[in-house]
Amino acid sequence: MQCFSFIKTIMILFNLLIFLCGAALLAVGIWVSIDGASFLKIFGPLSSSAMQFVNVGYFLIAAGAVVFALGFLGCYGAQTESKCALMTFFFILLLIFIAEVAAAVVALVYTTMAEHFLTLLVVPAIKKDYGSQKDFTQVWNTTMTELKCCGFTNYTDFEDSPYVRENNAFPPFCCNNVTNTVNETCTKEKADNQKVEGCFQQLLYDIRTNAVTVGGVAAGIGGLELAAMIVSMYLYCNLQ
């Protein structure tokens, strides 16, 4: 009985933390969606390069909602000793775990397919908004500065973009691989000669370089999810 009470308390405290994290993610996601400019101004230089490729606001809202609901279910199920809530918590966490494993396998096996899919989404956005949408342009400038890359695939992503039409030149990042002369006009010939790597390939390189760290974090998250599933099932099986 004492063991049951101890595990129940741990379950409540753990899920309370998850609940608060979900609420924080939701709050930040809503803030980014409503006032993205101020978010980028404060956190842009410090933000993860990987997050630059997605709409951060919607991503955080979706992730926050799932984490928030999961934390609430875990707390409620453990506190009220509700078998229904605990079983729902278990199955949602199991689905998330399976989805994460599947996503990891797909990412490892179908990297080329993922690149093609993302290219179809990202490149048209660059051609449409780079140079005309301030926040979008700032995000890409930060990404290209941090990763020392050019565009999603290469400099051709910027052809016909508002920036190229207005300046009759490509972003300086596309000509900054060798000479480091940012102030020089980046013509198509210079960009073609210097062949600065696209940001997707550069990001993959950085991830592979830090594979141990990435793998450790992923394993840690997976371990916590497995532990939470085991605890929830233990509580479920020991309830009257």
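Cβ coordinates are placed from backbone N, Cα and C, and glycine is handled just like the others.
Swiss-Prot lists 1-9, 74-88, 232-240 with the feature topological domain 'Cytoplasmic', giving sequence analysis as the kind of evidence. The annotation transmembrane segment is assigned in Swiss-Prot to 10-30, 53-73, 89-109, 211-231 on the grounds of sequence analysis. For 31-52, 110-210, the entry in Swiss-Prot reads topological domain 'Extracellular', with the evidence type sequence analysis. Summarising the annotation, Swiss-Prot assigns N-linked glycosylation site to Asn154.
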Please work out which recorded stretch in 10-30, 53-73, 89-109 has the most C-beta pairs separated by under 8 angstroms from the transmembrane segment (211-231)?
89-109
Please work out the number of neighbouring Cβ atoms within 10 Å of the Cβ of the residue listed as 'N-linked glycosylation site', leaving out its own Cβ.
19
Integer mean pLDDT for the topological domain 'Extracellular' (110-210)
84
Chain residues outside the topological domain 'Cytoplasmic' (74-88) and at least six past its termini with a C-beta under 8 angstroms from it:
8, 11-12, 14-16, 18-19, 228, 232-233, 235-236, 239
What same-chain residues lie close to the topological domain 'Cytoplasmic' (232-240): Cβ under 8 Å, and 6 or more beyond its ends?
4, 7-8, 11, 74, 77-78, 81, 83, 86-87, 89-90, 93
In the same chain, which residue numbers or ranges, 6 or more beyond the ends of the topological domain 'Cytoplasmic' (1-9), come under 8 angstroms Cβ to Cβ?
78, 81, 231, 234-235, 238
